[in-house]
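Feature annotations, reproduced from Swiss-Prot:
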TRANSMEM  11-31  transmembrane segment
TOPO_DOM  32-756  topological domain 'Lumenal'
REGION    43-64  region 'Disordered'
COMPBIAS  44-58  compositional bias 'Polar residues'
COILED    53-95  coiled coil
REGION    82-108  region 'Disordered'
REGION    138-413  region 'Xylosyltransferase activity'
BINDING   ASP242, ASP244  Mn(2+) 1 binding site
REGION    414-756  region 'Glucuronyltransferase activity'
BINDING   ASP563, ASP565  Mn(2+) 2 binding site
Amino acid sequence: MLGICRGRRKFLAASLTLLCIPAITWIYLFAGSFEDGKPVSLSPLESQAHSPRYTASSQRERESLEVRVREVEEENRALRRQLSLAQGQSPAHHRGNHSKTYSMEEGTGDSENLRAGIVAGNSSECGQQPAVEKCETIHVAIVCAGYNASRDVVTLVKSVLFHRRNPLHFHLIADSIAEQILATLFQTWMVPAVRVDFYNADELKSEVSWIPNKHYSGIYGLMKLVLTKTLPANLERVIVLDTDITFATDIAELWAVFHKFKGQQVLGLVENQSDWYLGNLWKNHRPWPALGRGYNTGVILLLLDKLRKMKWEQMWRLTAERELMGMLSTSLADQDIFNAVIKQNPFLVYQLPCFWNVQLSDHTRSEQCYRDVSDLKVIHWNSPKKLRVKNKHVEFFRNLYLTFLEYDGNLLRRELFGCPSETDVNNENLQKQLSELDEDDLCYEFRRERFTVHRTHLYFLHYEFEPSADNTDVTLVAQLSMDRLQMLEAICKHWEGPISLALYLSDAEAQQFLRYAQGSEVLMSRQNVGYHIVYKEGQFYPVNLLRNVAMKHISTPYMFLSDIDFLPMYGLYEYLRKSVIQLDLANTKKAMIVPAFETLRYRLSFPKSKAELLSMLDMGTLFTFRYHVWTKGHAPTNFAKWRTATTPYQVEWEADFEPYVVVRRDCPEYDRRFVGFGWNKVAHIMELDAQEYEFTVLPNAYMIHMPHAPSFDITKFRSNKQYRICLKTLKEEFQQDMSRRYGFAALKYLTAENNS
């Protein structure tokens with residue numbers, strides 16, 4: 001803006017100079033032509049004829065003055081040439097390279113404004129206020145449905161948040177899946193000055209389901225047509241974006257374009273950058289009617305209030321009905337109908353400069369739109385191939401996209417200073433809890449972790465599960481970090497039932513996981529595995545938070561609380577379903593124990609039966625889990641009895657007991673105060689006992705722990721004395737809380753701890 005104003009000041013100075021120099025010159029000459037109140041002729045011949053006081057000296061002075069006048073006139077002509085040159089360059093300076101490329105094609109938009117600006121001298125804009133006020137809220141509408149689109153929305157939102165300087169209000173037209181995912185994401189993201197409202201896309205299906213559509217976006221690709229009806233009646237304007245958009249500038253610049261709309265202009269669109277609507281892409285290609293190349297609807301500026309007054313709903317419906325009589329279906333979803341309406345009513349559209357929607361489709365000509373990185377504003381991956389689209393600059397665009405794809409979303413939780421924000425009750429409570437902590441406490445970081453809100457993306461990959469008729473399904477629940485990713489395929493081979501996994505990853509690691517999963521035939525063949533990403537924050541591994549996330553998002557009545565390092569026996573899923581019925585788990589408070597074993601061998605011939613397992617146990621190939629370092633953890637399972645047991649048997653709780661159990665989904669959550677290594681499962685089993693769960697060992701079930709390198713947290717536990725001191729303090733506080741919650745019955749836990 002500063003550069004534009006400087007250019008205009010130079011323009012103004014040149015104009016003033018052009019006007020002033022001749023005036024000053026002629027005033028000087030006019031004044032100098034009087035001597036003693038009488039006019040003096042500038043012509044030497046006339047002076048000689050009429051002035052008796054003519055001298056050789058005055059003759060030289062007048063000749064000198066005439067030379068000076070000719071020099072001034074020459075300077076005047078030079079200034080005129082510079083001024084005309086400045087006029088010719090003014091629009092290019094104002095718009096960058098874009099006006100050169102698309103000046104003829106943007107006749108209804110910026111090029112007209114530029115021509116008007118040249119006539120007006122462009123000087124008035126220097127002192128104007130910015131088109132978007134500092135704290136003005138920018139409204140953005142996005143249609144989103146399904147698991148994959150939810151991932152795309154996150155990348156789009158990151159790119160918008162990265163550049164934004166204004167409060168944002170997202171209006172998300174989402175199906176039930178996307179709403180669950182994105183509502184949790186935004187709630188845990190806790191970005192200041194961002195509001196999100198959801199609108200049920202399933203309720204809007206009837207509005208557009210009558211339109212046959214061949215586009216890969218399906219019925220949801222038509223829902224932008226009904227935004228005037230869907231969005232709040234008091235919302236006057238909105239920016240509508242596709243999910244495959246990436247911003248490279250502040251969205252406020254696009255919002256400011258609304259101020260350029262004139263007359264009946266209600267739609268801001270960029271011209272389509274392919275020949276699709278010209279109908280020459282292949283033989284017998286018959287596109288929907290469009291004005292010239294047509295317009296792309298990946299980025300739309302909608303003046304909702306005016307559209308409602310124009311009866312937009314009736315306008316697009318009549319147009320669609322008429323065209324469908326001949327076209328039979330849409331090929332590009334809502335875009336075909338928008339273009340058909342514009343063809344009949346060209347006055348509705350304000351043509352945006354092409355850099356607001358640089359389209360990377362298979363037949364794009366978008367390279368004509370940009371000549372420099374600074375020209376790019378919005379990138380649109382509008383090809384079914386997405387990042388694999390063919391384009392000579394695709395590597396540059398892909399890197400820009402990957403920047404936001406892998407960008408740490410936690411860094412976007414920055415305040416907009418000077419802008420009042422709506423009170424967030426959850427955030428206020430969080431700040432209050434944190435303020436009550438003593439920062440000088442040596443265990444402050446442990447205590448703080450309990451209140452940390454981790455950004456969470458549920459169902460990172462497609463999830464689908466059909467429950468059984470007998471309602472006995474069991475979900476395997478586990479948590480992991482990037483270093484345990486290799487266990488996923490093995491677990492999927494051993495467990496055919498549904499799985500709920502919480503993965504503790506950074507944004508970049510989440511993309512590595514996505515590539516790993518999409519490249520795995522085993523994982524891609526399974527639709528009943530729910531992957532929930534909990535993004536990294538803080539210095540500790542929030543093991544119990546991860547377990548709670550995985551537990552909370554299961555779709556079965558029962559769950560098997562396992563760990564990622566264990567492989568369940570083949571057929572365990574079906575065996576547990578039968579045991580659920582046998583032990584009447586639906587109507588009793590029981591925790592079914594699956595005995596745990598371990599091997600020290602990375603390559604193991606996995607036992608296919610209990611008999612094989614006992615044989616390997618006797619040969620020393622297998623051991624009871626942690627028998628040599630933490631015997632108390634699983635001793636109450638009574639492995640000696642299990643060897644010969646043929647029916648389930650009950651065991652009593654003992655200090656430090658931490659078996660792996662199958663319980664109903666309504667069991668208590670894990671205590672979040674325990675992070676990293678130590679006491680995280682022990683505390684949970686203690687609470688189950690306090691709630692009077694019966695611990696029943698299954699005689700024909702088993703699981704085997706596979707060897708792996710020590711985790712970072714167990715290394716800290718073993719090497720850091722303060723870590724162990726804080727863990728002991730947290731244990732004592734947990735036991736005190738148990739006493740307060742469960743009264744006299746909880747005293748046995750204090751006694752057991754003292755005796756252990």
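Going from the start of the chain as shown, residues are counted 1 onward.
Using N, Cα and C of the backbone, Cβ positions are placed for all residues, glycine too.
What you see is a predicted model, and the numbers here were worked out from it, not measured in a lab.
Look at the Cβ of each of the binding-site residues ASP242, ASP565 and count the other Cβ atoms within 10 Å; the largest number goes with ASP242. Within 10 Å of the Cβ of ASP563 (Mn(2+) 2 binding site) there are 18 other Cβ atoms, across all protein chains. In the three-state DSSP classification, ASP565 (Mn(2+) 2 binding site) falls within coil. All protein chains included, ASP244 (Mn(2+) 1 binding site) registers 21 other Cβ atoms within 10 Å of its own Cβ.
ASP565 (Mn(2+) 2 binding site) sits 41 Å from ASP242 (Mn(2+) 1 binding site), taking the C-alpha atoms as the reference points. A distance of 36 Å separates the Cα atom of ASP244 (Mn(2+) 1 binding site) from that of ASP563 (Mn(2+) 2 binding site).
The average pLDDT the prediction assigns to the region 'Xylosyltransferase activity' (138-413) is 86.
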